[in-house]
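Take a look at the structure set out below.
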Amino acid sequence: MQGVWTVDHVRSAEERVMAVVPAGTLMRRAAFGVATEVAGLLARHTGGVAGRRVALLVGAGNNGGDALWAGAFLRRRGVAVTAVLLAPNRAHPAGLAALRRAGGRTVTGAAAGAVVAAADLVVDGIVGLSARGPLRPDAAALVDRITAPVVAVDLPSGVDPDTGAVTGPAVRAAVTVTFGCRKPGHVLAAGATCSGVVRVVDIGLGPELGEPDLVLLEPAEVGAAWPVPGPDDDKYTQGVTGIAAGSAAFPGAAVLATGAAVHATSGMVRYAGQAADAVRARWPETVTTGAVADAGRVQAWVVGPGLGTGKAGTEALTHVLGAGVPVCVDADAITLLATNPGLWDAREPDTPVVLTPHDREFARLAGEVGPDRVAAATRAASQFDAVVLLKGHSTVVAAPDGRVLVDRAGSAWPATAGSGDVLTGLIGSLLAAGMDPWLAAGSACLVHGLAAELAARNAPIGASALLDAVPDAIRAVRAAAGASMAAGASMAAGASTAAGVGAAAGASMAAGASTAAGVSMAAGVGAAAGAGAVARWTPAAGDGSVSAG
Ligand SMILES: NC(=O)C1=CN([C@@H]2O[C@H](COP(=O)(O)OP(=O)(O)OC[C@H]3O[C@@H](n4cnc5c(N)ncnc54)[C@H](O)[C@@H]3O)[C@@H](O)[C@H]2O)[C@@H](O)CC1
Ligand SMILES: [K+]
């Protein structure tokens, strides 16, 4: 898992480190990381570094200081650096002096627009961890003039550092170079999109950071935990998933949710409901009945997709909540709980529940999501004593015990009708296999996003295609896991680290999973989908971090 830390925790860690290192050390480490990334991008994409034009957008604080120091380092490589001072009287004094000593130029006011428009690359040092609200009008007007790729310092300006919310104009970076660790603004809401590829520069905060506030699952760990049959297994030992979904009006939801459970594990799937004929026709390996009461024993239930909110749906929900096994509650079942909270009384005490609302369902169940998606999901998880998977481009999964993970979709391809039914079926089968509900929800989400990318290959898809790609997605995460295990084994056997890393990188590329960079999981798909300039500037696959030197 990769950790993500809130601004308060980053600041505390910074204070502790700053107390024991000479003044200015952290800023110079940070700035050196920015300069390294900028020089690398210039070299790879313009064929050189010396003589290239870099514009620095410099705000009033230390974020601008980082940009100015980075400019000073870039001058040593012969880059033509011009700093646009947005608050000339408050620009970081030491950074400004360093840039000027190194031969960098500064501009203010009306001359700035032309400098920004003519740059080969723009560095965004407008505002960082102290950001409040969107870009101010003067900065927004300059950002509008940018045609070159942007490297954001620490965080794209205009993005809320702790929620990723963007409420007005914001910088859209090709690369964000951040310091010490990822912050929530890099992975949540619109901030995840504005950040582009995130590079983490080690400035020595690591030992002081403590437990992360959020985590990101890695494809390799999902692959390692994915349940597959062992030599002693049969169809029952791997968990029987019950699907209470679909109706005469919506048989498709039942077919999709059941299909996901069929693909996810080798355990048995029982379907119960009004779409039994359609399910049996498409998935002959399932056992079908007309009502949940007749379904027989299962190890987890999925309830809701296409179920309807009438009498049959209410009866099905009441039955599964009282069955004493984990339940994934989705779609119409969420609406039923929202409109009739008394239905919660049917829940067998201690039954693990996973709720999978999108924003409108969440609002019905627990009030408006608001700008802080982590706070909303955490609040609902505690209120309902359930894992809450709040869907979005970045999906937040909160457990009642306070654990929170974020799944940053590598693409928007999962946004298609029926996609949620597939996700629910995946979660249900992982619950039936006995996986921790929070991990089950997060793992299903990661595989679901990867399946969408593999299916789409850069063209729109429907949920059936996504479903068909689930086995390939599972193969990919299992291959990533195999590669890490092989790498670990060879390192333990005394093989060189480089060989291990190379093997892992090769295997994850073969698997279509670009893991540590956390960018598009289907290699190349995300880059190809981006706007021309951004795609051209997407960094080469790397390990997602650079040394501060
Ligand atoms: N504290 C440290 O140890 C380190 C900090 N570093 C840098 O310092 C940054 C934080 O610096 P600061 O705390 O000085 O603050 P920032 O540079 O983030 O912000 C400066 C000022 O901008 C103003 N502001 C807030 N929102 C704005 C908006 N939307 N538009 C325009 N102006 C806005 C505020 O008055 C704020 O004080 C980090 O993001 C990072 O770049 C790095 O140098 C690494 C070390
Ligand atoms: K910034």
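Just so it is clear, glycine is given a Cβ too, placed from its N, Cα and C backbone atoms.
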Out of GLY367, GLY420, GLY425, TrEMBL lists as part of the AMP site with LYS391, GLY392, HIS393, SER394, THR395 the residue GLY420
Per TrEMBL, ASP124, SER157 bind K(+); matching candidate in ASN63, ASN89 = ASN63
Looking at the binding-site residues ASN63, ASP124, HIS393, GLY420, whose Cα is closest in space to that of ARG132 ((6S)-NADPHX binding site)?
-> ASN63
Between the binding-site residues ASP124, ASP154, the one whose Cβ has the fewest other Cβ atoms within 10 Å is ASP154
When the Cβ positions of the binding-site residues ARG132, HIS358, LYS391, GLY392, GLY420 are compared with the atoms of ligand 2, which fall under 6 Å?
-> none
Between the two most distant Cα atoms of the AMP-binding residues LYS391, GLY392, HIS393, SER394, THR395, GLY420, the distance in Å is 14
Under 6 Å from ligand 1 by Cβ, which binding-site residues from ARG132, HIS358, LYS391, GLY392, THR395, GLY420?
-> ARG132
If one measures from the C-alpha of HIS393 (AMP binding site) to the C-alpha of HIS358 ((6S)-NADPHX binding site), what distance in angstrom results, rounded to a whole number?
-> 11
Within 8 Å of the Cβ centroid of ASN63, ASP124, SER157, the other same-chain residues by Cβ around the recorded K(+) site are LEU57, GLY59, GLY64, ALA67, GLY125, ILE126, VAL127, GLY128, ALA131, ALA152, VAL153, ASP154, LEU155, PRO156, VAL171
For the binding-site residues ARG132, HIS358, LYS391, HIS393, the one whose C-beta sees the most other C-beta atoms within 10 angstroms = LYS391
